[in-house]
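Here is what Swiss-Prot records for this protein:
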- 366: active site, proton acceptor (ACT_SITE)
- 8-11, 22, 73, 78-79, 100-102, 137, 157, 172, 230, 336, 354, 369, 380: UDP-N-acetyl-alpha-D-glucosamine binding site (BINDING)
- 102, 230: Mg(2+) binding site (BINDING)
- 383, 389, 390, 408, 426, 443: acetyl-CoA binding site (BINDING)
- 1-232: region 'Pyrophosphorylase' (REGION)
- 233-253: region 'Linker' (REGION)
- 254-460: region 'N-acetyltransferase' (REGION)
């Protein structure tokens, strides 16, 4: 029996006041619908039907490389009508899981519980109890022996509910698991004879009850999982809820967060034990932090690996880089893609490293650019050092071997190699290879001019 997931993503989202389709608005730098697609994959979907309408070009540009079956809903005539567009792609023996592209926080564990709750050849509905159920369809039950809550017999929408039904606080989330054969039959019988003039997907529950099909329910751990976003205020609320959830995961995994409400997690972060994370840190992409790592305030980490006991000092940007054991960067350091700091290496304030390896124990304390370079162990890079790697057309490599001392304000014009133990005098411009243990100074000879008069301002 295959799991066929139908994701409804056809709405425009007028209240977002945006040209972007509603489901493409982001939570943690990922579109809402992408969150839903990712969760569908996690529960083992065999096929995903994406029902789309407004903004097709933008949707396909964002999602088009994925294994999705694109199903057009040319007119938005209700949720039942939307699912019906996917009917030709549903096999009789499929289990159909219906999800929503603007409900991004639904959890894998919740969907697994819903699928487990579905009776054989029956229907499972995800419901939630709300103190204020205004606007939602209510779950209608009838007393049944052996079922404390009673048997589900239907779902009534807010505008069609009686005064008594409006008192019900168990609401329909719209998420359900349905057998394929029966779903297609029920969809063909839907009517739009209701206050909205739409084809309600919820009407299939009354049909299931009338046909004697077993109906069961499951509930999420938190109601926020089934909240949607219809405007930017709600989008921001979901963002905060997502961030709180991800921060909690980090703390449970062994990280200390100085303030869990002031962290942004926009990717997959893996942490070791006793990690310390200060305020206003941003994580993007895939980030791995080893044991006893310290991240300073305001740091941004993107697609990087940080080994045990390493430290990222405040306001540093680490992107596509690796830090070895006990290495450190910052404050105000920038490591660009391809940068690698070996064990105990240090990059200080206002140092930029790009596509360069900094060897064991090597240091560049301040104000340097190290690009397209291989730097050995025990090297000292003075302030103001620049590897001149670009000739206007191509990038060239600088090699600095072990135990080299580079004086301040030195320019290394690549391609160039500095041999082991060499010393480069401050203010030098190095254009040729330097041998082992050589001292090289290329400064202009200092001149002393006596009797010189400093210019003075001309009075107007």
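Easy rule for this one: first residue shown is 1, then count along the chain.
Every residue, even glycine, has its Cβ placed from backbone N, Cα and C.
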Quiz item: Three states by DSSP: which one describes residue 101 (UDP-N-acetyl-alpha-D-glucosamine binding site)?
Solution: coil
Quiz item: Quick one: Cα separation, residue 389 (acetyl-CoA binding site) versus residue 380 (UDP-N-acetyl-alpha-D-glucosamine binding site), in Å?
Solution: 19
Practice problem: Compute the C-alpha separation of residue 443 (acetyl-CoA binding site) from residue 366 (active site, proton acceptor), stating it in Å without decimals. | Solution: 21
Quiz item: Ranking the binding-site residues 8, 426 by other Cβ atoms within 10 Å, which is at the bottom?
Solution: 426
Quiz prompt | Cα proximity to residue 426 (acetyl-CoA binding site), best match among recorded positions 102, 157, 230, 336, 366 | solution = 366
Exercise. Tell me the Cβ neighbour count for residue 380 (UDP-N-acetyl-alpha-D-glucosamine binding site), meaning other Cβ atoms within 10 Å of its Cβ, over all protein chains shown.
Key: 16
Quiz item: Taking the residues 383, 389, 390, 408, 426, 443 listed for acetyl-CoA, what is the greatest CA to CA distance in Å, to the nearest whole number?
Solution: 23
Quiz item: Residue counts in helix (H, G, I), strand (E, B) and coil for the region 'Linker' (233-253), per DSSP?
Solution: 21 helix, 0 strand, 0 coil
Quiz item: Distance between residue 102 (Mg(2+) binding site) and residue 380 (UDP-N-acetyl-alpha-D-glucosamine binding site) at the Cα atoms, whole Å?
Solution: 53
